[in-house]
Every structure is written in structure tokens, then in C-alpha cells.
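Copied over from Swiss-Prot:
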- 77-90, 290-302: NAD(+) binding site (BINDING)
- Arg97, Arg107, Arg135, Asp226: substrate binding site (BINDING)
- Asp226, Asp250, Asp254: Mg(2+) binding site (BINDING)
- Tyr142: site 'Important for catalysis' (SITE)
- Lys193: site 'Important for catalysis' (SITE)
Amino acid sequence: MTARNLFLLPGDGIGPEAMGEVRKIIAYMNEAMNAGFVTDEGLVGGCAYDAHGAAISEADMQKALAADAVLFGAVGGPKWDSVPYEVRPEAGLLRLRKDLQLFANLRPAICYPALAAASSLKPELVEGLDILIIRELTGGVYFGEPKEIIDLGNGQKRGIDTQVYDTYEIERIAGVAFEMARTRQNRVCSMEKRNVMKSGVLWNQVVTETHKAKYSDVQLEHMLADAGGMQLVRQPKQFDVIVTDNLFGDMLSDVAAMLTGSLGMLPSASLGAPDGKTGKRKALYEPVHGSAPDIAGKGIANPIAMIASFAMCLRYSFNLVKEADDLEKAIANVLDKGIRTGDIMADGARQVGTVEMGDAILAEFKTLSA
């Protein structure tokens, strides 16, 4: 069978500990399922700066470009707060996104039933919540030009950012949203501000045209982004897939994440365009949480977000849908049994460390996949 090439970038802080639990799952899948994963590993972030003077080396960048998928841990920490801006730890992630041309950011907001009480909303509003927010990652106001602060010469300054979207950028992110919806509940809600922004008018038009041309089997709804934020808090389970631009996606995905009550448990994926010959997309998978340097090396970090990111990798990079389903179910089963790391501890639960949580999830995964 064809090898499945994974490039692991554990990074800083708790990244290596969390990645260690994914390695166990990869080893089991290779042994028991003949999965054919071939792994290589590199440095990114502060540890890469310490070793190479850059947030990611050129050699590791080439390995990332050659891999079928990249698994990324976390970067940063106080140790590197004073390094030059262009080689700060976060620059490694930005370089990966840029060079891999990752334009679609997928952020699931999943509320495991066992953790519904941890949400700031009533449990009945969020229990069983499963939203996928798809954010355009390489266009919009974060990248548009001009972007500057100018001196007006009268004691005043003017800050300028430019919101820019071209048709092709909207078409391709809409295509990802419709394709993902087909594998879920077949519903997409597109969010923009067409009432006050010309880019929002174009966004609405292009999403509508793309839907009509290729995806008319998917249910499409349009919503103003501010109303969408309100509805996410009012009645979140009305949504399946939400697609939006870079700025609104940045905000709405964090709002949706907090509905779950467990920001540190959520995965994400960033996808590129399909290859013209193979149809495969470049992809990077990472937990939403940061490097948590205060608990690094203590063996208490929660590995669930990293494991759930690997489940997304199985689903979107390798089309191993059953295996992805089983791994996500294994996480839910472990939580149902009252097994918790300290960050999600609850009355009556049993507190465990990183390795024990990883072992418990692997044991459930073995049972489900037997």
C-alpha cells in the first residue's frame, strides 16, 4: 500500500507531551490495522529558534511541504519573549500556513455530553453541540493593502486596514464549506456584513452562485455576521457548517469554542487547495490551545485536543472516516466514564495525567476498532 507520510512538529511547552499520546495511536494503527503511517519529526517555534536561530528551519519546511499532512503541537513561551520579531516562535506557524498555502481553517465546536455543565450556557442549549466553522485564512482585512498608520501632520494619525476579497478566494472557501456539509447535516450558513461592506456584497453573491452551480443539494442560509454571533449564543444547535471571512471567522470561532466550556479540548485543521493531479490537499492539524508553559513537563496536560486533531487528520487527509469516528467516540466514552485531566475536573470524576488520559483513549479506540 502507499505510505501515508506524517510530519510531526511537537513544538514548545506541552506540545511534545500531547504529541506523545498521538504517537501511541499511530503505532497501534500501524501494527493492528496496517495503516502505513510513516512519521518524521522536526522542530518549530522556540525550540527551533534555540537550535537554528529561526522559528522553523528550511530543511523542516521542505519536509512539511513533502508530507501528506503536518501534525502541529504548540509554540511559544516567556523564554522567547525578547527574540527578534521575525524569528518569534509564532512565525513558524505563520510560515507553514503561508508556504503550504492553507486557505481554509476548520474549527469544530463540539460539546461532549459529559462536559455540558462546564459551558456558560444552560446545558440543554449545548449538550451534543457539533458545529464546524470554516474561516477563510489568507485574505481579507488581515492581508489587504494598504495597511499602515499615517501622520496627518496636525497632531492626528490615521490607521488604515483594507478588506479585500477576490471572486476565486470566496469560491474556493465556499466549496470547502459545501463539501464538508455533505459529510455532515448538509447545511451551510454563510455569514458576512453585506449591509455595510462591499466585500460582504460580493461574498454573498459568490457563495450564492457557487451553491447554485455545484452544490444545490446542500441547504444554504445567509446571515449577517453580527446576527450570527447573537444566534450562536441564543440557539447554537441550529447551525451545522458556518462559512465566513478571516476577520469574522476569527471572532466567531472563539465564541463558538467557548460555548463548549472547554477551549483547551478543541482541535483545528487548516487545508490548502486540492492538487491538480492527485486531488490531495496540503493540510496542517493543531489543537486550539497554546503551549501552556506553566504546566509543561509536569505530566498533567490534557492531550484530548491533540488527539482530536489527529482524528481530523484521519478524516480529511486520509479519508479514514470510520477510524476518525472511532477515535472521536473513544474520547467521548472516556469522558463519560468520569476520567478527567485537571483542567476539566469535576465533582465525582477521577483525575489523571497526560499519559493516563492518552492510555484510556487508546484502550477505548482499540475496543471500538476491534
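Glycine residues also receive a Cβ, built from the backbone N, Cα and C atoms like all the rest.
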Binding residues Arg97, Arg107, Arg135, Asp226 (substrate) - maximum C-alpha distance in whole Å: 28
Nearest-integer angstrom distance between the alpha carbons (Cα) of Asp226 (substrate binding site) and Ala296 (NAD(+) binding site): 38
Cα proximity to Tyr142 (site 'Important for catalysis'), best match among binding-site residues Gly77, Arg135, Asp250: Asp250
Integer Å distance between the CA atoms belonging to Arg97 (substrate binding site) and Tyr85 (NAD(+) binding site): 17
Where Asp226 (substrate binding site) sits in the secondary structure, as DSSP reduces it to three classes: helix
Residue with minimal Cβ packing [other Cβ atoms within 10 Å] among the binding-site residues Gly77, Pro89: Gly77
Largest tally of Cβ atoms lying within 10 Å of a Cβ, found at which of the binding-site residues Asp81, Asp226, Asp250, Asp254: Asp250
Where Gly77 (NAD(+) binding site) falls in three-state DSSP terms: coil
Per DSSP, three-state class assigned to Asp250 (Mg(2+) binding site): helix
Binding-site residues compared (Ala292, Ala296, Ile300) - highest count of Cβ atoms within 10 Å: Ala292
